[in-house]
Amino acid sequence: MTITVVKVEELVAHPAKDQLHGVDYCLNSNPSWPEAIILGFQHYLVMLGTTVIISTTVVPLMGGGNVEKAQVVQSLLFASGINTLLQTIFGTRLPVVIGGSFRFILPALSVAFSNRYSIYINPRDRFRRSMRGIQGALLVASLLPIILGFLGVWRIVVRFLSPLSAVPLVTLVGLGLYQQGFPLLAQCIEVGLPELIILILLSQYIPHLLKSSRVDRYAILLSVALVWAYAAILTAAGAYNNKSPNTQFSCRVDRSGLIGGASWIRFPYPFQWGRPTVNASDVLIMGAAVFVSLVESTGTFIAASRYGSATPTPPSVLSRGAAWLGVAMFLDGLWGTTSGSTASVENAGLLALTRVGSRRVVQISAIFMLLFSVVGKFGAVVASIPLPIFGAIYCVLFGYMSSAGLGLLQFCNLNSYRTKFILGFSLFMGLSVPQYFNNYVVTTGRGPVNTPSFWFNNMLLVIFTSPATVAFIIALFLDSTLGRHHSLTRKDSGRHWWGKFRHFDDDPRSEEFYSLPYGLSKYFPSI
């Protein structure tokens, strides 16, 4: 008689991990130089979309033409290259790209539409005057994160963060940019949708069919090359000759105006638009955008630490990163870029797509930014990629960013009603409040706050149209006050997991990932 032994599988939850496993190259490990250069160019390509969208949106409304638009793109790229190197060397040292932020569009336009610039009849004169006003506002407002970071104030704030309160922040940094995803893709569905489908096939399905292949690491480059060539064929065949101007702008490969406006060789330099001017109301509105960028960048830093397979970032390192983010905004003001800096969300998502969290790869991408900001014509060719292609890329990369936030739930007790309330309420309000503000602007042309102070109205509009910022404020307040003295609150929020990283020296791995180079940690210790 044969006895069959049936093995009963144990129903055990997946264990929580301080570091994300399955990453091919972590923060301090590097692929070969040829592969690192290709991956660095891919990071440059991904951040280029936001740079072009910001310039295309803001510059024409300021009175600038194709030449000014190309110059602003070059200036943004140049500043981003410098700022990325500074952040990866002296800031958090995480593999994050520092680029332009959509949150600065409203402050820039509030400066451009100011009555004091309406007296300039010549559009280019109005552009230069508006740019000087944006520069002045950025230069002064950038002092906020510099002070908060270098004086350690931001360190005190983020020490109140737990995995529970970080979930809404990190998740909505990605989800909050949904308008730049499928809505941007749908502006030219015959180009954007093939890009999305091919990208998913190359990054998710093909690697499982070809088990030895690493095609997913280059999925962005391969898919963009294929669809860009397809869009060029459609343009050459006259598919859009009789279409509306909006369709032609979105679908054609020759409508960006950047190639014709860019110069062959041009070095962006400080104060290239003239002496900056400072207006108190502009500074306050810009300061609100700076605060929002600081909050959202903190969420991106947390995600980058996960996707770089590093340990949770100590508060002192996040504060150091905030300070250098302020330095980046100051440099943006010097060069005149129409936008302050933020940690790039799409590039954090690319870390997950490629499973390469190498710091060196991101630094190579910064070299590409500097190179193509000077050699304008070549950079403009790449920047002429139709924006719906970038919309398709964002659908994947912003999704990865959001999942980094959801991954922090592994440290929390999801069977606690306190956890459920804080998590659900902050996520819902983080989406609902900005939607209310945005709908109000669409229907009335102004924000719901209508006091005699124009600057105060726009400050609140900037802050409360950021889903991540709204969720951050609500989650941090609730997690710090609700059931604070209950014996289980600390474990339910996951604070015991992050407690060992509260101070820089609490875990020996912190020095491996976050210590400053060249022995500078001896003179600028993290605490």
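Glycine residues also receive a Cβ, built from the backbone N, Cα and C atoms like all the rest.
Summarising the annotation, TrEMBL assigns transmembrane segment to 41-61 (among others).
Residues of the same chain lying 6 or more positions beyond the ends of the transmembrane segment (73-90) and with a Cβ under 8 Å from any Cβ of it are 47-48, 51-52, 54-55, 96-100, 258, 262, 266, 268, 272, 320-321, 324-325, 327-328, 331-332, 335-339, 341, 343, 359, 362-363, 365-370, 372-374, 376, 379-380, 383, 516-517, 520. TrEMBL lists 73-90 (among others) with the feature transmembrane segment.
Residues annotated as transmembrane segment in TrEMBL: 96-115 (among others).
Residues or ranges marked as transmembrane segment by TrEMBL: 136-154 (among others).
Residues or ranges marked as transmembrane segment in TrEMBL: 185-206 (among others). Within its own chain, the transmembrane segment (185-206) has Cβ neighbours under 8 Å at 213, 215-216, 219-220, 222-224, 226-227, 230-231, 234, 246-247, 250-251, 353, 386-389, 391-393, 395-396, counting only residues six or more beyond its boundaries.
Marked as transmembrane segment by TrEMBL: 218-240 (among others). Within its own chain, the transmembrane segment (218-240) has Cβ neighbours under 8 Å at 38-39, 41-42, 45-46, 190-191, 194-195, 198-199, 202-203, 247-248, 251-254, 350, 353, 385-386, 389, 393, counting only residues six or more beyond its boundaries.
Away from its own ends, the transmembrane segment (361-383) comes close to residues 25, 30-31, 36-37, 39-45, 47-48, 51-52, 70, 73-78, 80-82, 84-85, 88-89, 95-97, 256, 258-259, 261-268, 347 of its chain (Cβ-Cβ under 8 Å, at least six residues beyond either end). Marked as transmembrane segment by TrEMBL: 361-383 (among others).
Residues 20, 46, 48-50, 52-53, 163-164, 166-175, 177-178, 180-187, 191-193, 195-196, 199-200, 203, 220, 224, 227-228, 231, 299-300, 302-303, 306-307, 345-350, 352-353, 423, 494 of the same chain lie 6 or more positions beyond the ends of the transmembrane segment (389-409) yet place their CB under 8 Å from a CB of it. TrEMBL lists 389-409 (among others) with the feature transmembrane segment.
Sequence annotations record features per position, and here TrEMBL assigns transmembrane segment to 421-438 (among others).
Per TrEMBL, the feature transmembrane segment maps to 458-478 (among others). Sequence-distant neighbours of the transmembrane segment (458-478) (same chain, 6+ residues past either end, Cβ-Cβ under 8 Å): 103, 106-107, 110, 160-161, 164-169, 171-173, 175-176, 284-285, 287-289, 291-292, 295-296, 299, 421-423, 425-427, 429-431, 433-434, 437-438, 441, 447, 449.
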